[in-house]
Amino acid sequence: MVPPVEGGDAALLPEFPRGPLDAYRARASFSWKELALFTEGEDMLRFKKTIFSALENDPLFARSPGADLSLEKYRELNFLRCKRIFEYDFLSVEDMFKSPLKAPALIQCLGMYDSSLAVKYLLHSLVFGSAVYSSGSERHLTYIPKIFSMEIFGCFALTELSHGSNTKAIRTTAHYDPATKEFIIHSPDFEAAKFWVGNMGKTATHAVVFAKLHVPGDQCHGLHPFIVQIRDPKTLLPMPGVMVGDMGKKLGQNGLDNGFAMFHKVRVPRQSLLNRMGDVTPEGTYVSPFKDVRQRFGVSLGGLSSGRVSILSLAVVNLKLAMAIALRFSATRRQFGPTEEEEIAVLEYPMQQCRLLPYLAAAYALDHFSKSLFLDLVEFQRGLASGDRSARQAELGREIHALASASKPLASWTAQQGIQECREACGGHGYLAMNRLGVLRDDNDPNCTYEGDNNVLLQQTSNYLLGLLAHRVQDGACFRSPLKSVDFLDAYPSILDQKFEVSSVANCLDSAVALAAYKWLVCYLLRETYQKLNQEKRSGSSDFEARNNCQVSHGRPLALAFLELTVVQRFHEHVHQPCVPPSLRAVLGRLSALYALWSLSRHAALLYRGGYFSGEQAGEVLENAVLALCSQLKDDAVALVDVIAPPDFVLDSPIGRADGELYKNLWGAVLQESKVLERASWWPEFSVNKPVIGSLKSKL
């Protein structure tokens, strides 16, 4: 186990190298160290620094500029690095229970180094491990130490070649045989092959396989998870009846081995069924602690949310890295100026500010939301483990499912758009692969698809809200949920009577203004979607057709607005709590307001269409408020990046280094990449003479 970093604040948060970024750091309105301690806490900062230091000092994690590894070598290296992470034992099972947020923190640290490494570790330890822990029972706890010792290596096999989002159509079967007390796992044809399963391609020895459970009499009880061994842990050869392989090169995350598997009447013990939601007796009778099928389904949905919550966190990581690179670049890149002799940093231009700073605010807001949602998920999983069968527990599962289903699209799309904006904002230098923005964009891209297509997931959230409204209309039920995310809807008739009455930019510079507007917007979209749905049904459309016909213009924006409201609400409450140090209140308040108003501004057409906005002034006030907040945060941008940026070794971007020596770092990296120092013997200054090379390298 790696010993934690010792020492005071100077060791924990050392000063940055002096350089061109000093001017912006000096103009910051707050201490970046104070904000780091407030945001993370000393224990978490030490934990992250321990991880980063271990990676930097371990030759296995050495960066190799210009080295284009083959697919096989990259995946082999990624597996060895994953194994080394477990050997370091950064986070024991006991620590994970004591400090739950250290689990996503470890994933984020690994993601900052390499997304493929983070996802590989995540799929094994949290997705596979969490499925075994939360969906299994006491008889499955023996797997937990084997998971963390890498005695076995796992994957999560849900999707199939012909079905991904439509999980109800999954066709892998598990027939119970009372004579042998075994389940027979079978793929009826190649379209039922498990597909796109991370870790399955080369390295997984075991899989949590979702299959339709059949008991004697061919009675089907729907999808259930089973632990199935797919390879021999010693030889990695497939087990009898299992055909397993790698899917090949992808657009990104190529250190991760996505694979496929087919099962030909593979027999597994009855105990292989992860039986938290339902079990089969030795005689073949299906039993479940949930008599209400809806409750059982709600709990199952909550249990499947861990992957989506983890993707939310990884998308935030990618956005943080892109912002660190682009804003440090923008603070040191000088172009044009009031005179020919004076050039100014491109960060001084309002256009650059409005392109980048809203995404910086989004990184802070989404980061806080990802942590809070993870803690909600931990609460739910602990309830499962303790045998909580209450209605609240089932409702908590449904609420977490709705929040996770919308948070993955919001975070992955925000990161994807933000990274692209950063790439363009860094001009030609942003297009250079060594500056990492292209890699971040490609590695973030799958976040928009796996664990559920974004647009399909949004329908899960809108369906949740529509179901609550239908329950209200039919039974007069109150809008209530365990996490209180929908409680405001109880007053939706009166909320819909409200109008935007802020007449000046000065009165708009607070996230409370956006909160009021968002509550109106969600109420409006919920009413419109519900009415559209019923109109479609009255006109003869089936339920399936009706939901499809109202998704594009109604359900999709409803789900996004609801999740944005939830993010804004939680971040607003976080930055306005009494324990916020006085010196940090202004900058945190501006970040909260900027994210809220910028996000709201993208719904301006809906706000006008519904009548919340009227006249030119409303739109102008909102737009000018966003610009004003960007201007106010401009001098704080570098310090805000310093709080969230990893060490230079991990960030791995010449134009984003902490010393701000933009051109020296980029020039040196290009020379190293091209090996020009060893080749340019035709230019005396670049002689292959070693002392000269050493002198030149030291200057660079």
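Any Cβ shown, glycine's included, is placed from N, Cα and C.
As written in TrEMBL, here are the features:
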- 155-264: domain 'Acyl-CoA oxidase/dehydrogenase middle' (DOMAIN)
- Thr159, Gly198: FAD binding site (BINDING)
- 302-466: domain 'Acyl-CoA oxidase C-alpha1' (DOMAIN)
- Glu451: active site, proton acceptor (ACT_SITE)
- 511-687: domain 'Acyl-CoA oxidase C-terminal' (DOMAIN)
Measuring Cα to Cα, tell me the gap between Thr159 (FAD binding site) and Glu451 (active site, proton acceptor) in whole angstrom.
-> 9
Would you mind checking how many other C-beta atoms are within 10 angstroms of the C-beta on Thr159 (FAD binding site)?
-> 21
Arithmetic mean of per-residue pLDDT over the domain 'Acyl-CoA oxidase C-terminal' (511-687) | 91
If you measure Gly198 (FAD binding site) to Glu451 (active site, proton acceptor) at Cα, how many Å is it?
-> 11
Can you check which residues sit near the residue listed as 'active site, proton acceptor', meaning Cβ under 8 Å from its Cβ, same chain, 6 or more apart in sequence, and list them in order?
-> Gly307, Arg308, Ile311, Lys408
Across all the protein chains here, work out how many other Cβ atoms are within 10 Å of the Cβ of Gly198 (FAD binding site).
-> 26
Tally of helix, strand and coil residues over the domain 'Acyl-CoA oxidase/dehydrogenase middle' (155-264) according to DSSP?
-> 6 helix, 53 strand, 51 coil
